[in-house]
Amino acid sequence: MRRVLYFTNTRPDAYATMSDPIRLIVGLGNPGPDYETTRHNAGFWLADHLADDLRTAFALEKGFFGMLAKARHAGENVVLLKPITYMNRSGQSVGAVARFYKLAPEQVLVLHDELDLLPGQVKIKQGGGHAGHNGLKDIQAALGSPNFWRLRIGIGHPRSLGLAQQVADFVLHPPRREEQQQIDTVIDRCRAVVPAMLAGDFALATRELHGANGA
């Protein structure tokens, strides 16, 4: 994947704020080397690149049940989080951080893999259901609201990709080479619009990301 710093020239007045600025970015995945390259860790992949872009690094924070990185962007504090609770208990970590920093659900952006989108596609969404994604389900319960933002990174579904795997097995395996290349391209596209989301301009971020999906 290209090593590009997307945040270096962003000005505070570059975007028209239309929603609450994002103050907590959560990448979802499972901890440990056994899961590092699996589809379910797409949120971790993007979070790692955002930490690079924001010139910060993750460190273990046991009290928050996760890896935390702190940064400043456009004069505001931003926290990045990778829960180490395993996917199904992500809310334990997200809830702890949100309570500590007194953040509303609308100030939280969750990066996660999405079965209903093909590799190479990505969508932004606020609120709604969890569509069977156990990480989102647990976060919704922990925050007491579905109104957090989601950045849905397409990994495809076994059926849409012509595979016989069960979903539970599919998400815990690495993407095929072509799929990985498509996901990497999407991650670069996401990195380019995260500054807009940090400023609260989800209209711009949505227009840029959805317009490039090609389907």
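The backbone N, Cα and C atoms fix where each Cβ goes, and this holds for glycine too.
Over in Swiss-Prot, the protein carries these features:
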| type | residues | note |
| --- | --- | --- |
| SITE | N30 | site 'Discriminates between blocked and unblocked aminoacyl-tRNA' |
| BINDING | Y35, Y86, N88, N134 | tRNA binding site |
| ACT_SITE | H40 | active site, proton acceptor |
| SITE | D113 | site 'Stabilizes the basic form of H active site to accept a proton' |
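Mapped onto this structure are the features recorded in Swiss-Prot.
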residue : record                                                               : DSSP class
N30     : site 'Discriminates between blocked and unblocked aminoacyl-tRNA'    : coil
Y35     : tRNA binding site                                                    : coil
H40     : active site, proton acceptor                                         : helix
Y86     : tRNA binding site                                                    : coil
D113    : site 'Stabilizes the basic form of H active site to accept a proton' : strand
N134    : tRNA binding site                                                    : helix
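N88 (tRNA binding site) has N30 nearby among the recorded positions N30, H40, D113, counting only those with a Cα within 10 angstroms of its own Cα. Residues Y35, Y86, N88, N134, recorded as binding tRNA, reach a greatest CA to CA spacing of 16 Å. Listed in sequence order, M87, N88 are the same-chain residues six or more apart from N134 (tRNA binding site) with CB atoms under 8 A from its CB.
Minimal Cβ crowding within 10 Å, among the recorded positions N30, N88, is found at N88. In sequence order, G29, N41, L172 make up the list of same-chain residues 6 or more apart from Y35 (tRNA binding site) whose Cβ falls under 8 Å from its Cβ. Neighbour counts were taken at the CB atom with a 10 A radius for the recorded positions H40, Y86, D113; the maximum falls on D113. Looking at Y86 (tRNA binding site) and N30 (site 'Discriminates between blocked and unblocked aminoacyl-tRNA'), their Cα atoms lie 5 Å from each other. Same-chain neighbours of the tRNA site beyond Y35, Y86, N88, N134, judged by a C-beta within 8 angstroms of the site's C-beta center, are, in sequence order, N30, H40, T85, M87, R89, S90, G135. If you take the Cα of N30 (site 'Discriminates between blocked and unblocked aminoacyl-tRNA') and the Cα of H40 (active site, proton acceptor), they are about 7 angstrom apart, rounded to a whole number. Straight-line distance linking the Cα atoms of D113 (site 'Stabilizes the basic form of H active site to accept a proton') and H40 (active site, proton acceptor), rounded to a whole number, equals 6 Å.
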